[in-house]
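These features come from Swiss-Prot:
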SIGNAL    1-21  signal peptide
MOD_RES   GLN22  pyrrolidone carboxylic acid
DOMAIN    22-57  domain 'CBM1'
REGION    92-418  region 'Catalytic'
DISULFID  CYS107-CYS113  disulfide bond
CARBOHYD  ASN124  N-linked glycosylation site
DISULFID  CYS183-CYS190  disulfide bond
ACT_SITE  GLU239  active site, proton donor/acceptor
DISULFID  CYS323-CYS359  disulfide bond
ACT_SITE  GLU350  active site, nucleophile
DISULFID  CYS364-CYS414  disulfide bond
Amino acid sequence: MNKSVAPLLLAASILYGGAAAQQTVWGQCGGIGWSGPTNCAPGSACSTLNPYYAQCIPGATTITTSTRPPSGPTTTTRATSTSSSTPPTSSGVRFAGVNIAGFDFGCTTDGTCVTSKVYPPLKNFTGSNNYPDGIGQMQHFVNDDGMTIFRLPVGWQYLVNNNLGGNLDSTSISKYDQLVQGCLSLGAYCIVDIHNYARWNGGIIGQGGPTNAQFTSLWSQLASKYASQSRVWFGIMNEPHDVNINTWAATVQEVVTAIRNAGATSQFISLPGNDWQSAGAFISDGSAAALSQVTNPDGSTTNLIFDVHKYLDSDNSGTHAECTTNNIDGAFSPLATWLRQNNRQAILTETGGGNVQSCIQDMCQQIQYLNQNSDVYLGYVGWGAGSFDSTYVLTETPTGSGNSWTDTSLVSSCLARK
């Protein structure tokens, strides 16, 4: 999860025209308990995302209503509209899903991954059927929530049994592959995510720590294993931080080349930037400029997708239950402009909040914006389900009972697509 501590607070100004107040584009214009302006600025209309939150959507012409309060476990009808300032995107983002965590447990932000702390989301991991049922969760998310993608975090050390630069460990990769195959069997896209923060046991890859050759060896083996699987998505690294971005981009280039040369010639590859992959810092910290130079061996950038994260709490750390921002003005709007100008796309592979009203409000608004700008945003992946239990502050793990599952309020209100 994102550990950046650069808060981005939503600017919520109110414009006054004559005697009647008008709300700005993307501002709140209604909902239970709302006492502010209900008239929207010219060119936008008030659309209801849930009973507690309505928003001024550019280009919208109708007001829609939710079928239920957002705290319930059933499905919400959410508004979609097309912005007059961007290409038509009424169908929304292509990919929506959740992180299925567990193989990454034990990994810390210095790239140390204690393999004994791995808690795989595989129900029958030890033959006793008492582990979290990550495959069952994914089946529910696909069948009941219309999800199409899952990110499967795993520690580098786990995959090679702590042998830096070594071969994939046959036992470890067979266990992890059970989760990948379970994902693929559902028709979903499956992101193989190395959850090491651009490090191995404190050393930065290609910057005094592991060599680029040691890192590309890992990815060459993974790409070779999944070369025939068109729906396996290669997530190069989770949340690089405090790296030299130009040197890191050179490392990323070597990985992309290695993946393509291993036979995975057309699958999606995620390109992660500095500063914990912050969507708000992606342009300003030089990640956008540096990673724009990364290409496929043929010189194209086909299916090379920028990989960003963004949480909604006060310090963007993803550690608080309450949310304070929808990230539109501070992150996703300026990034959308840059992506359009440069003919590129991004995917949000971590985002989350508590199962409380402030997060339902802000997350639904954030997701709505991504759907409105699906020409540049391919999708979103919430954090997190899998081996997280109900006590985790950002849990998105559904509760299973027999053959049925009940979603958390944030998932049912905002992340689900049905």
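Glycine residues also receive a Cβ, built from the backbone N, Cα and C atoms like all the rest.
Between the residue listed as 'active site, proton donor/acceptor' and the residue listed as 'active site, nucleophile', the C-alpha separation comes to 10 Å.
Note on proximity: among CYS190, CYS323, GLU350, CYS359, the recorded positions of the record, the Cα nearest CYS113 (disulfide bond) is that of GLU350. Under a cutoff of 8 A between CB atoms, and with a sequence separation of 6+ in the same chain, the neighbours of CYS107 (disulfide bond) are CYS113, VAL114, PRO153, GLY155, HIS195, ASN196, TYR197. Using a 10 Å radius centred on the Cβ of GLN22 (pyrrolidone carboxylic acid) and all shown protein chains, the other Cβ atoms total 19. Counting only the Cα atoms, the space from CYS364 (disulfide bond) to CYS323 (disulfide bond) is about 12 angstrom. Just so you know, the Cβ of CYS183 (disulfide bond) picks up 27 other Cβ atoms within 10 Å once every protein chain is counted. Nearest by CA distance to CYS183 (disulfide bond), out of the recorded positions CYS323, GLU350, CYS359, CYS414, is GLU350. Secondary structure at CYS364 (disulfide bond), taken from DSSP and collapsed to helix, strand or coil, is helix. Note: the Cα of the residue listed as 'active site, nucleophile' and the Cα of CYS414 (disulfide bond) are spaced 14 Å from each other.
A Cα-Cα distance of 36 Å separates CYS323 (disulfide bond) from the residue listed as 'N-linked glycosylation site'. Remark: CYS359 (disulfide bond) has LEU312, ALA321, GLU322, CYS323, GLY353, LEU410 as non-local neighbours, by Cβ distance under 8 Å and separation of at least 6 in sequence.
When the C-alpha distances from GLN22 (pyrrolidone carboxylic acid) to the recorded positions ASN124, CYS190, CYS414 are tabulated, the minimum falls on CYS414.
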